[in-house]
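Input: a single structure, listed below in C-alpha cells.
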C-alpha cells in the first residue's frame, strides 16, 4: 500500500451546527423561498425550517463576517476576512456563485448593502481606513471607493429614495455619502445639542431624507438630512445592534434581549423580550433581526436563532443553536448510537443527534471543557477541563459521578480503554494518568516519560498498551495500567490499535508534506473499514487520506468550510459520518461519508462549488507513478522569461547615468544620418515554446510571429507586412472569429497584449497591467467581444478582457504550473477551459472572478499533462490532447473516453465543421471525424513531399508540429524547427517561411559578390540564405556543435565557421561540405575573417583571449596574436591584408600585424588614416558616439560600416538596430533607431552593395532584412523611425512668462501653511488670566462701557445671519490658458478665479457661482457637443485633485472624477462626441488621463512628458485622437482600448524648424494640426509630420489658439507689443495663411493674451493681467468686461465710511477703488511699488496706503492725487489707520513699531511719537473711540494697548477693560478667542472684522475660509458658519459702512470677493 494516491471515497457536507452571532450583526434573513440564510465559519447556510434541511455555499476561503440580501430576496452577498478578502454574490436557491468582487479590500469586508434596485453593492473594509467601495457587482467592477472613517464602521445602507445617497455609521459618527462619477464624498452627521455624540451601531433610511439609527446607549436617533432632529429615548435599555426595514415598518434588536417593532413612522407597535421566554436566559443579546409578514427572526450573540410568530409572540421557537463564543476542542462520538458530544470554552457540554440534526441536551459546567470521552458502553462521559480537573457524568441524566483534580494544566486528551476498565487522561503538564473505572476512578498508574504537553493518545485493542503524541513531536509507548515505558521495536510493531488518532507514526507519515517540519495538523481519525484517514488542520481543511499512508507527501482530497483551525475530527460509530469541530468558528460540521464506487459520477458534479474545489489543487494527482514528462515539454516548462533589464528601464538608466556624469560639459552631438532603413523581410517563426500561433486571415494571408514582430505573410507575392508595436518577444497570437483582427501577447515585466488590424497594421487596443513576465496563451470569445489571456506569473493568472474598452472583466489564479492553452466556449461566452502541465480545468466567469471545476477522470483515464484543447460542435463536448499522444474526450467535466492519436505529445489541434485536425511531436498531421472515431487521413511531413515551389528546405523529416490551422483549402502547419508549411488536401506540401530553431544566433556573413548570406547558430546548423526577391534558404547543414561566427572568403567560394568548442571549419560555400577543420582552442570562437583580395590569411578569434592567424593555402597556423586581457569580441583586417584590428571584452582596441601576430601601438590620429577592409569593431575614437549613456549595463554587440564609410549600423542588447553617420566622434551621437528584434541584436552586416542591412537577433532566432532608403527617395513618403530623443540640453526657446509658469510649484499651495511667519503660542492654547470682568454678577458698580462704539445708523441692531457670494473681481490668467468661454450663443461668459467657477451674464453683469472646489481652479473647458449643452469641466490644485463636471446654468454637479494627478490638473478637454474627457497633471510625470466622465470611469492613463505639458486637446472630429504640447514636447496620441499610444512630432528636414516649447494647439481639416511656439511661429503638421511654418504669427509666444467649429477659422493670442499692423489677437483662415490683427487698447506696453474664444461676431480675450475683454470682429472695438488685480497677493483693503465704495491695494503695485452697488472698477492708480495696507479717513476725504518698501502715501479720494508721502522705515508697512477725529495717522510696520503722525500739521508728515516694546511685527491696529488709545496685534500672538500719540504701553487690565474701540479688526484678545479653530497648527486666522452694529465678526484664514461668528466670541471653538470660494489664504476682510456687504481679499488667488449679508 505504499502508493501516494488520493482515496477514491469522498465526504459531502450534510449539516452545520452553529450560527455566527459574535462580532457580526444583520446577518440573518428570510429568502424569497421562505428559507433562512445566515453564515457560520466560512460557509453560507440556507436553512429550510419546514423540511429541516440545509444547503451550503462554499465559495469563501476564510471566515465570513458580513451578509446582505438582494432586493429580489434570492441573491445573497457575503464578505469574508483574510489578506485578500473577496465578496461573493451567490444564489440562495442553487448555492452557485454569481459574481466575485476582489482585489480591492484588505483585512476583511465588514459590511455590505445592495441598493434599492439591486444593481449596485456597497461594501466597507476592515482596513485601517475602513474603505467604502461601490460596485457594479454583476460586472465585478469597482465604481468608486473612498476612505470611510478613522474608526470602525458598523453599518451601511443605501437611501431607497435617492439613488446616489448612502449612509454609514460606526464608532462615534454617522456619515452621509453622495456618489457622483467615481467620487464618493461624505458629510458628517451633526449631533448638535439634540443628542450626545456617540457610537451608532445600525441604521435604516426612510423617505424625505430621514434616517433612523440605533445608538450604543439604546436610543434611536432620527436624522433629517445631516442633522439630528430627535431621539427616541430608551427604545432599548442597551445598545441597539440591528435594525431591519420592511414594508410593515422597522424591527430593532438590542443587547437587552428585546425585539421591538415600529410602524413606518417609527411609532412603537410592540415589544418582545426574549429573555423572559421559555428558552430565554439572563444576558441574551440580539445581534440580528428580520421581519417578514407575520414572522420574525432573531439571531443572538450566543449563536441561537429564534423564530417568533407575531400572533404567538410569547412562544418563540428556537430553530437553531450552536456553541457560544470560546474555542471548541472537545468532540467524542457515542460508541453505539448516532450521537455526538462536544465541549467548549463556553463551559457547556452538548449532545447532538446525528440522525435528526438536532441538539438534544445541554449541560453547563463551572469551567471550560477541552476534551470529552465516552465509555465503551456509552453509559458514562468523561470531561477534561481547562483547570486540570476532570469530571465523569452519567449519560442518561447528565449527573456527576466524580470530579477529580490531579493536575494544574488543561486536560486536552482522554480515552477509555476498549474493555472499559481504565480511563487515560493526558494533560498539558506532560504525564498521562490512568484511573480504574470500577474503583470510583482511583488513580492506579502514570505515564511520565513525555517532556511536553500531551496532544493525542490511543489504546491497543487488548487495552494493554497506550501510545501518546506530545507537543515536542515525540511518539511514546507505555504498558497499561502501570504506565511503564515500552521501547522494544519488535513488541511495538505487532500491537493492533483500537483507534488511531495520533498524528505521528509510520502509518500516518503521508499526511505530512515532504521536507517540512510543521505541526499544523491538529487531529486525525482512522476508518479501518474503508482504509481511510480523516485529518483536520490549522488551515481550516478537512482532508481524506488512504490509511495507512506511509510515504510523505501523500495525495488527498480536501474539503473547505471551516475557516481557521479544525480542532478535532472523528468518525461516527458506524462510519456513516465524519464530525469536525472548528476552534475559532466554534461550529460543528457533519460530513456524510461516501465510500468508493457509490454514485461516483453523480457526486463529482454535486453543486459543491466554490473557489477551492473539493479535490485539492496541491494534491491533484491520483497517481503515484506519474509518467515521465516528454523532453520537449520539460524543456519548455523550464524556460525562464525574466529579463535582466526591460526596455522601460531605459529612461531611468539614462537619468542615472546623466546624474553620474553630470560634470561632463556637453559637447555638440553628432547629427543623425539622412538615410534610413525599412524592415522588409524576416526569416523565422517561433515554434519552439509557442503553439496555436499561426492563422489565415480572411484575405488568405498568413499571420504568425517571430521575435517582437507579428508578420502578415502574402503567399502569392512571398512578401511580408509587419506589425511592429511590441517591444519584446511575442509569445502568443490568436485571431478574431469575425474580423481580421489579431491579438498578440509579449514578454514583459508588465506584459502587454496588442489587438491590431491585419489590414492597416494599426493597434486597436493595448491591454496592460495584469500580467507579469509574459502572456503565454490567448483566445477570443466566440462573439469576438472578449479576449482571455494567461500570464507567466507564478499562478499563471487568467484574465478576461473587454478588449475594445481595454478593461479587465474578471481574473483568477490559473494553475501553479504552466498553462499551455486557454479556449473560450463557443456556446457560452462566460465559460472557458484551460489545459497545461497535469491540468485541465473548466471555468465559469462570475463577476470579477471565476469559479472552476477540475476535470474528473474517474476510472477512464489518469491525470495527464494536456497540450491542446478544442470544443466540439455539441454543446458540452471538449477534446483535449495529452502528452501521451491520446485524445481525451470530455462531456461537461467528466471524462468519457480516450483515443490514441499520435506517438508522443499531441501539440496542436484545430476544430473544423465536421471534424478535427491534430498534429504531434511525431511530425504527422491527422484528419479526424467529429467524435475522434475515425482517422480520415494522415500527412507525414517529409522532405520527399515538398513541392518545387517551396521557399526553403526541411531540416529533418517529421519535425514536431506546434501549430495547425485550416483554411482556403489548405492545412497550415508550424513546426518546432521554425518552419511554416502549407499542406494541400491532396498531399503536396509547400514550405513558406523558415528560420533558425531554438538557440541563439550570432554568426552572420554576407557574400562578397552575390545577394546571399550565411548564418550559424547555437541550434547547431549553418544556413545559407538567398536575399533577392526569393527570400529563401538555399542550403543547410547540421554541425556537431553550435557556432557563433562565420565569414566568406573574398571570392565567395569558401565559408569559414567558428564553433563553440574552440574548433572551426572551412566549407565549400556552394555544397556546404568540409574543406578543412582545426581544433586549437578550448573556448568558443567568437569572430573569424579572411584577409582581403586573395584571402591569403584567415584570422580566428576566440574566448581564450587569442587571435590565431592561418595561411589559407598551406592550411597552417602561422601566427598568434597575444596581449588581450579578456576574450576577443571583434576583429577586422585592413585593406592590404596586413594589419588586424582587435576588440576585447575589456574594451581594449589592439592592433597586430600578419602573419606573425606582432603587436603594434598606433596613435588615434593614425588609426583614422588606415583604410580598413571591413569595420565591425565597436571601439575607438571613430565610433565613440555609438555607446549610449547607460552603456555600463548594455553592450553594443555588433557594428557594420558601409563601403563608402558613411553609415555605421549597430546592434545592441536592447533589441535596437541603430544607424549613425560615420565617423561617430564625441559622446552620445544622434541616430535613427529601429525595433523588431526583442532583446539582443547580436550581429549586423551590410550586403556587398550596401543596399541591404542584415541583422540577427540572438535568442529570438530571427534573421531580419532591412532595405536602405536613400535621402532622395524619402521625401515622397516620410519614414517614421524612432528618432533619437529630443534632448533636454537643446534649447526650446525662452520667454520670461513661460519660464515663470514652468517654475510655478503648486505643492507649496496645497498644504495650507501660514502665509505670515508667526511665532509663539496660538491664542486658544495660551493660559488665560482671570479677567476683572468675571466679577460676581450682582454689583452696584456702574455698568461696563461698551466694547465697541455702535454706529446707530439704523435704530434696531441687526444681526447678520448668513453671507451669500454676490460678485467676484478677478480672472486667473497668469498661469492658465483657454479658460474663458462663451455660453448660450454669447449671452454669458464663463471663467474662473480662486476656487470659484463664475458664469457672468453680459447684459446684466450679474454673476452666479460654482463653489464645490476646495482649492484654486487651474483649468476649465466647455463641452462643444450639442447633446451636452452648457456642460463644463473644471479642475484644481490638490494632492488628489478632483475634476468636476457641472451644468453651467443650474450649477448642478453631474460627475466628479477623483484623479491620480498629484499636485493638480492643469488642462482638460472634451472629446468630439462629448463623452470622453482628457486631463493632464502637473505631477512630475505629467500624466495624461482619459475618462468616461458620465460613469466616472478612468479609460486610460500614461506619463506624458518629463516637463510641463501646457495643452492637451482632442481633435474636433475624434474620440480617439488627441494632441499634447508642452516644453519641447509635441505628441500625437491615439486611445487604443485602455492604452495611450503616441507618436512624436517629426520635424524632418524643414530648414529653419527645430523642436520648440509649444504652448497652444488648433486643428484643421484633413488631419492638419497647428501648434503655437514660444518664438511666435506656428507649426503646421500633417499627421505627425511637420509640413510648414507660419513664421512669426506673433512677435512673442503664441499662448492660445481657438478653432471655431462652425467655420474652421482660427483665433490666436500671443504676447506682443501693440503696433499699427500687429496685435496680440489675430483671426486666421482655415489654413492659417491669411490673418487679421486686433488691438486690445489696454494701454500696456506689452499685451499678453492667455485665452481666446470666438462667438457670433465677437472674440473673447483673457489676458495674463486678469482682464477679460470682448473684441468686435467687424469694428475691432474692444470692451473691458473685467479688470481684476494682476498676479500678486492682495493685503490692503478698506471700506468707505459712508458710501458703497471700497479700495483694495495689492502686491501688483496698484490700488483700485470699486463700486459695491454697481460691481465695477471706478478707478485705479499705479503706485510703483507693492502695496500692503490701506485705510480711509473717517471723513472719507483721504485714503492712506502703506507699501512693502516702508513708504506710505496719502491720496485725496476724489482726484487720487498724492497729498503726502513719507518713508521712515525700510521694511513693509503692515497696517495703517487714521484716528476717529481725523487727526492722527498710525503706521504699523514689520520693524516691531507703530509710528504716529499728526495730519493737522500739513503734508510734511513729521513723526510725533512711536510705540516701542512691541514683541514682533504688527499685523492689525484699532483706535479707541476717543482716539486716546490704540490696540496692536502682533506676529507673536500678543495684543497690546498703547497711548496715543506718546506710544506708552498700557498694562493695567482695569483700564483696558473700560476702553470702547472705534473698530475691531484684531484676531487676538479674549473677546475673539472663539474664532481660532482646532486644526490651526500650521495655519492661522489672518484677519477679522466686527460689524458696525457690533453683533457679528467675520474672519478670513489660511484655509481659504470666510467664517461668520457672533461677537463677542469668548468661548473656545465657537459655533460659526463657513463660506467657500477663496483658494488658500484669505488675507483681509471688512464690512461695508452699513453692514450690507462683506468684502474679502485673497492671497494667491488675487481676487476680491463681495458677499451680501442676509
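Backbone N, Cα and C define each Cβ position, glycine as well.
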(message) Looking at 1258-1289, 1290-1321, 1322-1353, 1354-1385, which stretch does Swiss-Prot describe as region 'Disordered'?
(response) 1322-1353
(request) Give the range, chosen from 579-602, 603-626, 627-650, that Swiss-Prot lists as region 'Disordered'. (result) 603-626
(message) Can you tell me which parts of the same chain pack against the repeat 'WD 18' (1080-1120), counting only residues 6+ beyond its ends and a CB-CB cutoff under 8 A?
(response) 1043-1051, 1054, 1056-1064, 1066, 1126-1138, 1140, 1142, 1144, 1152, 1154-1157, 1173-1174, 1176
(message) Under 8 Å between C-beta atoms and at least six residues away from its ends: which parts of the chain pack against the repeat 'WD 8' (364-403)?
(response) 326, 329-337, 341-349, 409-420, 423, 425, 427, 429, 437, 440-441
(message) Quick test of the contact rule: Cβ under 8 Å, at least six residues beyond the ends. What residues does that give for the repeat 'WD 23' (1504-1543)?
(response) 725, 752, 755, 763-768, 803-807, 1280, 1286, 1288, 1290, 1292, 1301-1302, 1377-1378, 1424, 1466-1467, 1469-1473, 1475-1476, 1478-1480, 1482, 1484-1488, 1490, 1555-1561, 1563, 1567, 1569, 1571, 1579, 1581, 1583-1584, 1603, 1605
(request) Tell me, roughly as an integer, the mean pLDDT over the repeat 'WD 25' (1593-1638). (result) 89
(message) I need to check the long-range neighbours of the repeat 'WD 20' (1236-1276): which residues 6 or more away from its ends have a CB within less than 8 Å of a CB in the stretch?
(response) 643, 674-684, 686, 706-709, 722, 724, 728-729, 747, 978, 995-1011, 1013, 1015, 1017, 1019, 1025, 1027, 1031, 1176, 1197-1204, 1207, 1209-1217
(request) Provide the three-state DSSP residue tally for the repeat 'WD 15' (901-940): helix first, then strand, then coil. (result) 0 helix, 22 strand, 18 coil
